[in-house]
Amino acid sequence: MSKNNKASNYNEKMLTRLRIQFIVLSMAVVIIMQGFIVYTSVRNTYNKMVSKSDHLVSSIYINILDQKPVKADARYFYIIFNKKKRPVNINIDNISDISEYEAMKIYHEAYETGELDGFYNGYRYCIYEKEKRTIAVFVLRSNMIDDVKKTAVSLIESSCVGIAVMLLILIFTSKLIVMPIAKAHRKQKEFITSASHELKTPITVIRADADILQMDNPDNEWIEDIKKQAENLTAMTNSLVSLARMDERNGHIKRVVFPVSDLAEEAVRSYNALALDSGKHFTYDITPDLTCCGDASSVRQLFTILLDNAFKYSSGKGNIDFKLYSSGSYIVLIVSNDVDNIDKNLTDRMFDRFYRADSTSAKITGYGLGLSIAKAIVSEHNGSIKAKMDGSQRIIIKAQLHIK
């Protein structure tokens, strides 16, 4: 497959992914808003119905106490009990389709719920317990309850129609909406790739010329500086190319089972001499015989990036710890080191491209791409990586890689 076809397929996949993310996020917002509107409307309707029913129940109760005729345009019954909880008056004059037995049955079933007021079997009821007697008032509210249910069903149906219409609109317009983002991302990737390749030739020429000049001036510090900066630029362009390739792969890597413990052992051994030379206290704890399914070279690069980052930014003769173990279906890697004072709020930005902590960056070479590459490697292995501060002078980076 040609490079143009690969780039075209990558662009299409990226555009499709952006469209799906945009549609899912937009629909989630729409559904939440519609759900809130439906809930609020139904709740308000229900509260109004309850308020009217309670007012009616209260009016009936007051008229019973005052021994006045109840002039309520409603179907209801009430039962009066003596202090021994025996019914002395079962009034069903205002409701014709139940008997006294049925009225008592409804009362007992409602009373057994443990609630002295509420809804039961289409009735709004309230049981007033006094020292000398108990009065239970039941007002039939089945029609109003049905109205609330119909309102809820109607609102839900309308919301579903609105959600479906919005989904169709988003499907047909999402491409136009996300196209500028996709174009910007594509141009950024093309710029990084082109710039990386264009820089390689002049950097190679600069290094070659510096080597030739150094033959005649082996101790010239200016030539040494040129070579060092050329090496830094080479490292930066290689990092940019790595990021561009990872973006293009979009998580599709060739997966093989490899001994991740052995890779970790190789990585830490290469830093023992650096630890002795710099006077740093370097410890590591690697669980033996661990395996992982993924790209071994990328995981080796991950170990190197995190260790290199820890040694670069560790304070003075500080402590650096490296741990590798398994937890469930993940390989867990923890690299921690002492640092000078760093704002805890900056840990979320450490994996951004070209980001470097201000506290020490002026003294340390690099371009802030290492942790971005580490994050991309972890993402390719269906894992996660995050940084956190332990106090104000120790940083912990934890990465998890899916074993399979």
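From the backbone N, Cα and C atoms, a Cβ is placed for every residue, glycine too.
Annotations in TrEMBL come from automatic prediction, not curation.
Since this is a predicted model, take the numbers as computed values, not measurements.
Quick look at what TrEMBL annotates:
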- 20-42: transmembrane segment (TRANSMEM)
- 152-178: transmembrane segment (TRANSMEM)
- 194-404: domain 'Histidine kinase' (DOMAIN)
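Counting residues 6+ beyond its ends, the transmembrane segment (152-178) has Cβ neighbours under 8 Å at 15, 18-19, 22-23, 26-27, 30-31, 34-35, 37-38, 41-42 in the same chain. Note on the transmembrane segment (20-42): residues 148, 151-152, 155-156, 159, 162-163, 166-167, 170-171, 174, 177-178 of its chain, located 6 or more positions outside it, place their CB under 8 angstroms from a CB of the stretch. For the domain 'Histidine kinase' (194-404), the predicted model reports an average pLDDT of 82.
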